[in-house]
Structure formats: C-alpha cells, structure tokens
Amino acid sequence: MMEDHQALLMNTDDDEGLGFGEEGPDAKDRLRHPIVAFFHVFFRAAAIIVYMLCGWTGAGFVPSFVTVVILLSLDFWTVKNITGRILVGLRWWNYVDDDGISHWVFESRKGARAGGRPPERRVFWGALILAPVVWFFLFMSSFFTFRFQWTILVILAMALSGANLYGYIRCKLGHKPGIADATGILHSGLQNVIFNRATSATTTDATAQAFTAPAHVV
C-alpha cells in the first residue's frame, strides 16, 4: 500500500470564536481552555498512576490491563482529535482513497493564533513529551525485573503515546527538513547497511567454498 504525506494549513473560524474581551495584560498568561488542558493531562496521567499502583499492590493482571488500555485509548483519541486542534492548532489524520493509497495529512493553524497561547503550548507539549519518557523508564523497569506480561502493556502505551508525539511533530515541522527527512535517511541507511552485509556475507561464503572445494585431478 502506497502512502502520501500532506502538510496543510487549517482555518480557525470554525473552531474558535474571535475572543473579544480577552485583551487584558495577563490574557496571554491564562489558559483559554482549562477543561481541554485538564483532559489532555488527565487520561495519560491516570494510565501511568493506575499502572504503577497495580504493580505495587499486586492487583490482578487482567483487570489492570483492561483499565490501563481503556485509559490509553481515551487519551489517544482525545489528544489526536481534540486537544491538539484546540490548544496548539495542530491536527493529523489519515484516509485511504479509492485507489487504495493511504494519505497522511498533517495540518497546522494559520494566522495570529498559530501555535496557541504560551501556557497552553507548555501544557500540551510538556505532557505530550513527558508521557513517552515515563513509559520508557517503566518499560526498562518491567523488562529487567522479568515482568514480561507488564512489558507488553508498556510497549502498547509507548506505541500509542509515541504515535501522537510523532504526528504532532510532523504537524509542527510541516514541509521543513526535519523528522520526515531524518526518518527517510535512516531507513535508506539501514537498507544500505543490510544490503552491504548480505552481499559481503554471500561473497565471503562463495570464496570460502571455492578454497575448500576439493581439486579435480585430470
């Protein structure tokens, strides 16, 4: 399946009002959407707290797994579809056209409110970056303590939180050189390394067989 990537600008008229009456000297220091900011942090923090409490209290794996997965799913959907668009004016999504080509669209708000207010930017990016870091340390802890069933849950959490982080970084960068180019370069480099190793191994095996093959006496 082929993939296509697009970076677009989205209008703000359909998402927010004009904001009259917010021009005070401390307006930029206030959260314009405190409820949205709360839920941006709540689900991912709740997932981490529930995971840690279940590990410490020895709760059953199945109910703990289901609870954490539900919280992670709510967090993924909320961050992807609501908080990114409202807090910082970013949105990413995917669709498949009639030809079966998958299109990834990364949008960023245009105009004076591009990027959101400073406090909302701090809440959004802080929680977005911190959660995968915390899950990474929890992954190391579960892996080296041989709790592999919990490791599976942590890998799922890292995948969901990392997907949102990657998507919003792509929205932020747009078509600028950045993570997309770095990913492409890394992928190409890995392919070259694998190909060179395979070619080298094949050549070495053929040479070794030529030297070790018995000589035919005429």
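Cβ atoms here come from the backbone N, Cα and C positions, even for glycine.
Here TrEMBL flags 59-77 (among others) as transmembrane segment. Below 8 angstroms of C-beta separation, residues 43-44, 46-47, 50-51, 53, 149-150, 153, 156-157, 160-161, 163-164 of the same chain, each at least six residues beyond the ends of the transmembrane segment (59-77), sit close to that stretch.
Through the fold, the transmembrane segment (123-144) approaches residues 31, 37, 40-41, 44-45, 48, 51-52, 79, 83-84, 87-88, 116, 150-151, 154-155, 157-158, 161-162, 164-165, 168 of its own chain, all at least 6 residues removed from its boundaries and within a Cβ separation under 8 Å. Annotated transmembrane segment per TrEMBL: 123-144 (among others), in sequence order.
Annotated transmembrane segment per TrEMBL: 150-169 (among others), in sequence order.
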